[in-house]
């Protein structure tokens, strides 16, 4: 039985890997084919290779790709920075505070992990509309803070519990303010957790489709995910340019993950060891 399982396991692993990479294969080969070849041979390798689909995306008269890319970068960077700082400081306060209400507050906040962002999209848009932030990039950023703050607090709270209180007390005795103590003593110890939070949130915010679609609206720009959606024609679609747009939209976040994968693994293993 064991020997049979050892034979089946690598076959299953290869089949599962091929299943996950199949959509990537379709996108990469499709963007390098002429439109006619995509229709006649959707699964075949491109012969000959063509870059006209990439050129069409880069050279769109409306500049959809470049404007979408700029909006996505701005939203992702601002959202991740705000979420990392706010969730780290909030988690530190809730973990270190001795007030009775902090534990119920932590449980209430972490219950947000069980609520999908789409469920609270309507109340969030109502709050943003009342504040005059609908159809703006800051509105999308604040919406992301509302969606993903519980996750950041959850990750940081687990790491803060492993930081010795003695070093904070020593910094306080030396005359450091709470903000300085957190920034110079506590936060450097949370770098593995911060790397994990930034990678998770960066991927989630970049890939978000519904929030930019609803909060930004059609007249305030798009993100790359919404740009892919708007590349689909009402009556006909050029799948070559659609594949090219999809590939270019996923490339920045892939590079971001590969560049920080060591910090990501270090954050996960550090949390497991501690």
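Using N, Cα and C of the backbone, Cβ positions are placed for all residues, glycine too.
Annotation comment: TrEMBL describes 69-260 as domain 'ABC transmembrane type-1'. As annotated by TrEMBL, transmembrane segment applies to 12-32, 73-95, 107-125, 145-165, 185-206, 242-260.
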Q) Do at least three CB pairs under 8 A connect the transmembrane segment (12-32) and the transmembrane segment (242-260), leaving out pairs fewer than 6 apart in sequence? A) yes
Q) Is the transmembrane segment (73-95) packed against any residues at least 6 beyond its ends, judged by a Cβ distance under 8 Å, and which are they? A) 102, 105-106, 109, 137, 140-141, 144-145, 148-149, 151-153, 155-157, 160-161, 182, 186-187, 190, 193-194, 197-198, 201-202, 205-206, 212, 223, 252
Q) Cβ under 8 Å to the transmembrane segment (145-165), counting only same-chain residues 6 or more beyond its ends: which ones? A) 79, 82-84, 86-88, 90-92, 94-96, 106, 109-113, 117, 120, 124, 186, 189-190, 192-194, 196-197, 200-201, 204-205, 211, 270-271, 274
